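All remarks here apply to the structure that follows.
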């Protein structure tokens with residue numbers, strides 16, 4: 001696909017607040033890259049292009065030939081850069097180090113409890129499960145941008161315990177020049193809402209594009225919203241039917257509803273599929289739970305799609321193995337056969353059992 005389609009060109013040319021529904025195979029990354037290239041030729045302001053995963057960020061960086069005035073990275077890396085370079089505005093140490101292992105967080109929480117007679121009395125049985133619950137509690141509050149002081153003023157019977165642990169953890173981390181992944185968003189949000197930072201961003205940045213927007217959670221959206229208020233050109237692009245991180249608090253409604261409501265955003269749907277055969281696209285449309293935007297196949301290849309249900313994983317594995325043997329007998333080489341599974345652990349288990 002060398003030239004943009006009419007729909008893709010509409011997105012590339014659009015300036016303002018926009019939501020793009022982009023199913024698999026619709027040329028999402030191609031469209032985003034072409035939009036960045038055109039904006040580079042039109043504007044002297046910087047472009048921020050953020051995505052969810054490291055893999056997607058690397059792919060985007062590789063496709064952008066001229067990286068002048070473009071920041072293409074993950075949301076967490078973007079926030080890390082803000083905290084490390086502008087954390088002094090909050091009085092944060094200049095040589096912060098990030099901890100990524102859960103066991104490091106649990107160790108610091110345990111240190112906080114051991115250093116407080118009050119907490120030792122109230123939490124005399126702090127098992128690994130208890131420490132993990134406390135860690136999740138702190139993480140949840142940071143992702144809601146709720147500071148320790150909130151619990152100091154609360155009337156809850158557990159508020160003093162929550163305050164002591166949460167506040168002790170924050171202070172212990174800062175005293176050791178440490179911060180965790182939750183701090184990236186927690187501190188970046190505070191910095192982005194300082195007048196000095198907002199003035200800088202208004203002057204330097206003019207365009208904000210979010211890839212894989214269906215995977216945004218509320219904390220990440222607050223970061224996006226803080227920047228979006230400072231620029232005139234914002235696009236959220238993704239596939240609402242591929243929201244994979246609900247267990248981490250992500251919601252496709254942020255892209256479909258919240259952003260549109262907050263910024264009166266327009267919507268364009270990329271409904272042409274350039275990757276999959278028509279029969280596959282037709283099946284996806286039937287299984288898409290009533291999604292209003294249906295894909296139109298543009299890939300000229302035929303094939304056959306079957307849908308089977310099984311009583312359990314073992315029966316499923318047996319049938320797949322039989323199908324592979326049948327294909328081999330029909331002269332199809334193994335290198336032309338692929339098995340895709342939802343969970344890696346399922347496929348690994350079958351490999352160990354010598355199914356595949």
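Any Cβ shown, glycine's included, is placed from N, Cα and C.
Annotated features, as they stand in TrEMBL:
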DOMAIN    1-277  domain 'UvrD-like helicase ATP-binding'
BINDING   22, 23, 24, 25, 26, 27, 28, 29  ATP binding site
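Counting every protein chain shown, the Cβ of residue 27 (ATP binding site) has 22 other Cβ atoms within 10 Å. When other Cβ atoms within 10 Å of the Cβ of residue 24 (ATP binding site) are tallied across all protein chains shown, the result is 16. Under DSSP, residue 22 (ATP binding site) is assigned to coil, being neither helix nor strand in the three-state scheme. The most densely surrounded of the binding-site residues 23, 25 is 23 (count of other Cβ atoms within 10 A of its Cβ).
Regional average pLDDT for the domain 'UvrD-like helicase ATP-binding' (1-277) in the model is 90. Taken residue by residue with DSSP, residue 27 (ATP binding site) is part of neither helix nor strand, so it is coil.
Its Cβ placed at the centre, residue 26 (ATP binding site) has 27 other Cβ atoms within 10 Å.
Comparing the binding-site residues 22, 28 on other C-beta atoms within 10 angstroms of each C-beta gives the minimum for 28.
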